[in-house]
Amino acid sequence: MSIIKQLNHLAGIQEGVVRSRRKGHSVLVSQTQRIPHLDPLLFFEAGVREGETRNFWADPDRELILVGLGTAWKIELGPEANNRYREVEKRWRLLLRDAVQIPEDGPRGTGPLLMGGFSFDPLQKRTPLWKGFPEAAFTLPRFLLTVYRGTCLLTVNVVVKPGDQAETLAEMLAEEEEKRLGWMQGVSSSMVSLSYHAYEVEPDRWKQSVSQVAQEIQAGKMDKLVLAREIRLESEDAFASSKILNQLWKRQPSSFLFAVEREGACFLGASPERLVKRDGDRLVSTCIAGTTRRGRDWEEDWTFGQELLSDPKNRVEHQVVVEMIREAFQQGCSHVRVPEEPTLYQVRDVQHLFTPVEGRAKLGTTLLSMVEQLHPTPALGGYPREVAMTRIRELEVMDRGWYAAPLGWVDFRGDGEFACGIRSGLIRGQTASLFAGCGIVGDSDPNSEYEETRMKFRPMLSAIGGESR
Ligand SMILES: C=C(O[C@@H]1C=C(C(=O)O)C=C[C@H]1O)C(=O)O
Ligand SMILES: [Mg+2]
């Protein structure tokens, strides 16, 4: 393939090895080049390799798509980490300090960049379900495909040691790259028909918890709490993350798409909810909470939307989120702007109340410090935060793992974006666990909240396709 010939890793790696010898420690070499167009979904699909990490990210308007294959360097933190956000930041800065980067400042989403995420709650004990997904895990991909406003770029990352031979390393990388790109021919993304058995994990108990929480809220113990539940699927054939991602791509044009593959399992989904995005000193977040269904035609859709906009129960659910995110922005930013009234955010299966929040980062505010302040917002945890987290640990019969947690990327400049990992599922071989939750307030009704979770399972269920036995 002609792409390979355009990339010359040698000069950068030589520079890295020299620097590494001088400093006496390893040095990151990151090289980015523009390449002819590659289909990001095919690149993801072709990149499958046993035991290796793949990462996929697309923002809702598909301005930026990132596909990371393999690992040049990584961060993994367990529950013992004191402050996982700061620890990630600290290690990342340290790696970047002496990095050789060519070019020094490329388009958004290129150059050294970490992809990964955090668990929802490090104080909740992880079960074997989430094996391979610790409290924080970030990968600096060996190969990163960036599609930014339609332009394709390939970043190749390698960490060199003082004793490395530049020529050997460069050759290895070129070979590896040729293989990766070569595999893309012959990949087909046809759907295999799948038949699976689905069971809901304790739906009645979930409804009971909803009534109980609604009573606790009426009694003034808290304002809002998000309760989630799980559906488990078992199939005779393995679920294929890249096929599901393909379907999500086709069906969920207004959502973030994400996939994090680790140790043979893949956490993926199509989330409408941005936690926080940083571009220079501009920070944005979105409050998405309050839900209704889509109509069968334009008129019905509009009616449901108008009902949602004026529904007191949903407005309370939404307002709790707006207040908390506004406060976090007022701490970390200047020029905070929040519209007075929510509008609607429509995705294929539901419509939500939506309020964007933006501000300008104060000195010392970083993307990850904002993630720390914001997560979990009352859209996914509750309010007050600590009371809600304790109740979630006590009441939910599932391990949230990375569900509803911050998923995304951060680059060498500190730019990046995190979405909330909802409308999501964890695929491991022949089993899949799908998750959905609801914001419970004082006048929540268990049956309608249950129906709401059913709608929120749809994006993943329909992307998986096949039939339930
Ligand atoms: C918790 C989820 O969604 C959250 C809950 C919502 C609600 O209850 O109205 C709406 C959007 C999200 O903030 C989920 O999809 O699993
Ligand atoms: Mg709701």
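Residue numbers in this text run from 1 along the chain shown.
Just so you know, glycine gets a Cβ as well, placed from its N, Cα and C.
Note that the coordinates shown come from a computational prediction; the quantities given were computed from them, not determined experimentally.
Annotation source TrEMBL lists domain 'Chorismate-utilising enzyme C-terminal' at 204-456. Feature annotation from TrEMBL assigns active site, proton acceptor to LYS224. Per TrEMBL, the feature active site, proton donor maps to GLU273. The Mg(2+) binding site feature in TrEMBL is assigned to GLU317, GLU452.
Only GLU317 of the recorded positions listed as LYS224, GLU273, GLU317 bring a Cβ under 6 Å of any atom of ligand 2; the order follows the sequence. When pLDDT values are averaged over the domain 'Chorismate-utilising enzyme C-terminal' (204-456), the model yields 98. Looking at the residue listed as 'active site, proton acceptor' and GLU273 (active site, proton donor), their Cα atoms lie 18 Å from each other. Separation of the C-alpha atoms of GLU452 (Mg(2+) binding site) and GLU273 (active site, proton donor): 16 Å, rounded to the nearest whole number. For the recorded positions shown (GLU273, GLU317, GLU452), fewest C-beta neighbours within 10 angstroms: GLU452. DSSP assigns GLU452 (Mg(2+) binding site) to a helix. Counting only the Cα atoms, the space from the residue listed as 'active site, proton donor' to GLU317 (Mg(2+) binding site) is about 15 angstrom. For the recorded site, the residue listed as 'active site, proton acceptor', the DSSP three-state label reads strand. Within 10 Å of the C-beta of the residue listed as 'active site, proton acceptor' we count 26 further C-beta atoms, all protein chains included. The DSSP secondary structure for GLU273 (active site, proton donor) is coil.
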